Amino acid sequence: MGAPSSLLFSTAHWRTVPFLLAFWVLLSTGTAEDPTMTPEFLRHISEKIPEEYQNPHCFTRDLNDFICFWEGERRKNASFSYSEDDQIKWCQLRTEVASNNTWWYICEFPVTDVVLFAGITISAYPCHKCQTAREIYINELVLLNPPLNVTVKEKQDPRGLLISWKPPHFQKNHDINNEIKYQVNYSTPGADMQTVEVEAGNTEIFLTDIVPAAYTVTVRCKADGVSYNGYWSDWTAPITIATIIDLRLLLLLSIAIFVALIAGVGVYIFMRHGMYLKHKVWPQVPTPENNFQGLFTTHKGNFKLWLGQADAYLLWISRHVFQEDPSSTLEVLSELPPAALPQSFNPNPLKDSYVVLDENRMPCSLEWLEAQRHKTVIVGAESMDSRLQTVNKDVVLEDTSKGQIAVKANNRVHSLEGDGSQGEAFREDEYVEAPRMEHERHRVSRENSVSSDGKQSIPSSFEYTELQTCEGLLSPKPRPVPPRMPLKYAYLDMSSSGEHSPPPSPNFYQNSPITNFLAPIYSQS
């Protein structure tokens, strides 16, 4: 029983030896065949690698593997060798059909021979475009996988697209994330592709200046730093996002449309019911303009002028009185000759007769004087003659005949002819003054005084007139029209010595409708 059992044990032991040898060969020569190393994948990698990188092409995807390949003629004696620290090693090649006459020769380095930051010398045969031997560094031939978890979000404040991703995964814990840079492609339908490069270490980008459209975004990466370098990876799967219109712009547009609509409705309502709304919102304030026509336009608010009770003569507009100044009263003083007459010698009243002594000195308002004379011919003459009789008893005027006036003074009779060339004969110390009404103006009289040469000066008086202003208008204070003055006194031109004194200056502020009347001429010794 013992012999057969030992025989079976020895037979089973020898059957497991080939499997152990195969496993040892795999560990010593390399890893198992990579199923991704298809002819299509190798063609894609060869097209991706730039031309400056010569054959054979080598790369590492996760810093844990290293693969070299090239395209050459079909040979059974093809070989690939690499050396590190002057120790040459031969790689077991794997072939894939490239075309009708060429094969892909593939060498996969064992994991134990993948050494970073150390130079490796490689040589391949047959390879017409390959150097006999060249030195490479695995950490400079990195071919990364595309970035992971690419996301695109639309932001409104500020408006734009936020694109983010994660770096590719590595089997070994290598600090390479800070040495990977990225490229982002984005485009809209009908527009050219735009590429933005992101600096190493950043894993997001914010795109501004976007428009409402559908955006397609892709991302790729590349090792580009001090320690690692390599090739651009494949682009990620495209991500499409449709952006909407800017909410702020939409809000502003909505507000503008709403305001325009409200304005249109308001204009329509105002055009249709404007007067009604005006009376409702702003009631009409009562104004006297409707009841006082012309008071505030023609008469400038002067109520007296509007009633017709003010003077209709010259109105003086002061340039120095403003509308905001309060109303004031102005008094004007003027010096006038006295109204006293010498005593009359004739107790009898004078008759109302006159003669024109000088035809060249006619009254300015003869028609008005004639009309007034007919109205008050009796009353005026009697009152004036009676005053002359009571005031002066030394001078008497008598009518001698038609066209003549006799003046009797100091028992001497002087005849005034109708011819103006003969003149009048009076004594130098005698004079006749046309009487003036006492109530015509206010007077401030003064007594007779003696002049510097010893002669007695003529008594004089001061007249003042009150003037009132109303909105810049200055006019004399209104007075009633004085009674008629006998016309004959306006023509008395008497002189005994031939010397005539100049007439007094005209008073422009005298409220009299006969301001153009010739003032009496006085004769004094």
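Cβ atoms are placed via backbone N, Cα and C, with glycine included.
Remember, predicted model here, so these are calculated numbers, not experimental data.
Checking Swiss-Prot for motif 'WSXWS motif' across the ranges 62-66, 232-236, 462-466 points to 232-236.
Within the set 253-258, 265-270, 313-318, 487-492, the record from Swiss-Prot flags 487-492 under the feature motif 'ITIM motif'.
C68 (disulfide bond) sits 5 Å from C107 (disulfide bond), taking the C-alpha atoms as the reference points. For N185 (N-linked glycosylation site), the same-chain residues lying six or more positions away in sequence with a CB closer than 8 A to its CB are M193, Q194, T195, V217, T218, V219, W235. Residue density at C58 (disulfide bond): 23 other Cβ atoms are found within 10 A of its Cβ, drawing on all protein chains shown.
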